[in-house]
């Protein structure tokens, strides 16, 4: 398919035409519905826990963490409600003491010593509690030594007030100092890209830090969420697989000063080993990216998350460079942070590329030829063995040993195999082996020597008269007529 760009105003429209020149656009795939994400682009996880039953009591066992995890509106509501109830309760206790002692009726009697001076109604009791709790001490209302129950209530008020202050103020402090907002200044590219890098098909995305303060010990991880079915028939709707982004080489430890491009090499160990440009149209997966680090200013751990669905992975694209060298410093142009451009990329998966490379490799033909040649030599060896077994016993003895032809043929077959396998050796070894007198002459001299040794041994074993008749040559030509006739009758 070829793509033609037609300029319409300021926009470009890609029109696909077939190779045959028909000019008809291919049928478009049916538009997909809204993709349900497991992790939103802002890092929020779309998970809700339901049907907890009696497990809700576990939240109360860790009340502090439960309050910190609540939203701000609920934190403020609980904060105000707790202080209001505590103040009203303690003010009511002071009013009850004054009411039981009769201080409310004798508040204006100068000769009477009340429990708390100048407390003659509930508002005055509430003001005394606020002045005591906030350590304001205006000096108009104060506790006297004639009221032991008031002294006990004062001690209880001090202890309870310290506990409430430590709990609620500590909760609000942790809530405000959480580094979640620090994650807002950590950027991820809107799309991921797949293209060739260093001769390998690579999945890439970009991360950046908008603040001048660094992320200490920044580390990045990637998870692939994809549904699958096990060989036993079990269906896993959100199976999590690890995507290697440099764990073995230490590339996952980031020095996040300028925007970085995170790479995942697609190889035989990658879950995307079978992924091609065509299969991406039918695949459904989600790549969850997790960036963790320590905030330099607060020393607290921060985590930023995002995700990429299959529609947000661009095949055959690469990111624009964003760093330029200025006068004495490096400048980062964040306007090109999300921008990509097309590059030539094979549409095949890594598995398909390896299979095509294997099929087109020239090293396969010699291996096939060697196997055929070896099979033929073995067949010939077996046929010659059968012929040797059919010879008479005396003729086999004359040759020296009964298994001599078999060994000789095996030796010749191994030498032929060695000679044929010379094409697989490097060029230097082939040149050394091709020097005249190195291989072929030595091999011929060895074989003739081996053939002559058994014949000499067989002649040496004959009687002296027959050795003289043989004369070192052929025996049958020097034998008497009767002996030649007798031997011929036996052999036939």
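All positions are counted from 1 along the displayed chain.
Using the three backbone atoms N, Cα and C, a Cβ is placed for every residue, glycine included.
TrEMBL: automatically predicted annotations, no manual curation.
In TrEMBL, the annotation transmembrane segment applies to 151-174, one of the ranges 127-150, 151-174, 175-198.
The stretch that TrEMBL tags with region 'Disordered', taken from the ranges 375-433, 434-492, is 434-492. In terms of DSSP helix, strand and coil, the domain 'Potassium channel inwardly rectifying transmembrane' (39-179) has 88 helix, 4 strand, 49 coil.
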